[in-house]
Amino acid sequence: MAFIDYYSVLGIDKSATEADIKKAYRKQARKYHPDVNPDDKNAEQKFTEVNEANEVLSDPEKRKKYDKYGKDWKHADQFEQAGGGAGRQQRGQGNPGAGFGGADYSDFFESMFGGSGGGFRQGGRSTKFKGQDFNAQLELDIHDAYTTHKKVLTVNGENIRLTIAAGIEDGQTIKIKGKGSPGINGGPNGDLYIKFVIKNNTKFTREGNNLYSTVEVDLYTALLGGDIIADTFDGKVKLKVAPETQNGTKVRLKGKGFPVYKKEGEFGDLTLTYSIKNPTNLSEEEKKLFEELQKLR
Amino acid sequence: MAQQELIVIETLCSHYEIEVSFVDSLYSLGLIEIHTVEQTRFISEEKVADLEKMIRIHQELEVNPEGIDVIFNLLRKVDDLKSELAVAKNRLRRYELENQ
């Protein structure tokens with residue numbers, strides 16, 4: 001419950017007028033508003049602090065209380081007991097950061113003023129507001145992302161059945177309408193946004209629908225040609241290696257990559273890079289034979 | 001055939017307490033699409049989230065429609081750059097693995 005210097009949050013001094021506060025608040029809000037800083041947790045936190053500072057400093061009564069007890073915030077509780085909780089009656093009008101996964105006001109604010117205050121819209125209109133959107137993150141193994149499957153998520157006590165289509169991308173977000181928090185004053189429910197984080201511990205690198213991997217080829221097969229068995233994402237494939245194949249040669253296996261999202265039966269490609277493995281621990285006889293070969297070149 | 005849900009613009013304006021002229025400005029800047037059916041103007045339901053964002057930026061940050069246009073263009077660029085960065089990171093990871 002650390003003391004928060006609301007004046008420094010807004011970048012103003014203690015003698016600031018109401019107009020100065022409004023101006024400073026607008027400036028900071030434009031900088032940190034979640035709509036102009038998507039997916040930025042830092043900005044979201046700053047925005048909450050700025051709202052909190054404005055909530056207090058733009059209200060003469062709260063500002064007076066803050067100026068009197070702010071630095072010595074530990075006495076705020078005693079003040080509350082003696083004076084009653086100013087600010088509670090405003091609870092529920094608007095919601096700071098509503099729709100942005102809005103962070104709560106600080107413990108410091110709660111201790112001073114008791115609960116969330118009026119929030120960003122200061123007019124106090126009983127407008128219908130959409131409920132807060134929820135943001136969730138779902139970790140999937142790349143093997144799970146390879147096939148369409150169903151999952152049941154529990155969000156705020158509610159079970160949500162989800163069909164995850166094969167080919168979902170790392171970082172992709174899906175929206176589930178109306179599964180956020182309930183609307184305010186009869187407004188529509190918020191939405192649930194689920195961001196997928198795909199964990200890949202395989203030897204395959206994924207770029208969109210295409211997969212990449214390296215396959216080892218022994219020196220003799222690379223020189224003389226032959227067959228090798230290579231792993232694909234869902235099995236194995238027999239490949240013909242051409243004679244005199246160079247290290248780093250790439251082969252593209254069409255349709256052996258990752259499924260294309262929501263396009264059943266469509267797959268990307270798999271590119272395999274040959275890595276030629278030289279023999280080690282050569283016997284005397286092998287060395288001699290290689291020397292013979294060297295002389296021939 | 002996929003069905004599109006449409007919402008009457010006047011209904012949206014009264015719900016969000018905005019002037020119809022504000023929606024017209026957004027339309028003239030190409031920020032929203034308006035469908036006209038038998039002289040009634042509608043917005044597609046799936047575009048309402050974008051419109052809500054524009055309304056918030058307008059009402060809460062006092063940004064005019066031209067400013068919203070600039071913000072949306074910059075946000076699009078940020079999104080493109082983020083995607084490019086993700087692709088570049090993947091590519092780098094692949095080259096690192098290949099050269100191990």
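Placement of Cβ uses the backbone N, Cα and C atoms for every residue, glycine included.
Over in TrEMBL, the protein carries these features:
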| type | residues | note |
| --- | --- | --- |
| DOMAIN | A:5-70 | domain 'J' |
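Summed and averaged per residue, pLDDT over the domain 'J' (A:5-70) gives 88. Residue counts for the domain 'J' (A:5-70) under DSSP (helix as H, G, I; strand as E, B; rest coil) come to 50 helix, 0 strand, 16 coil.
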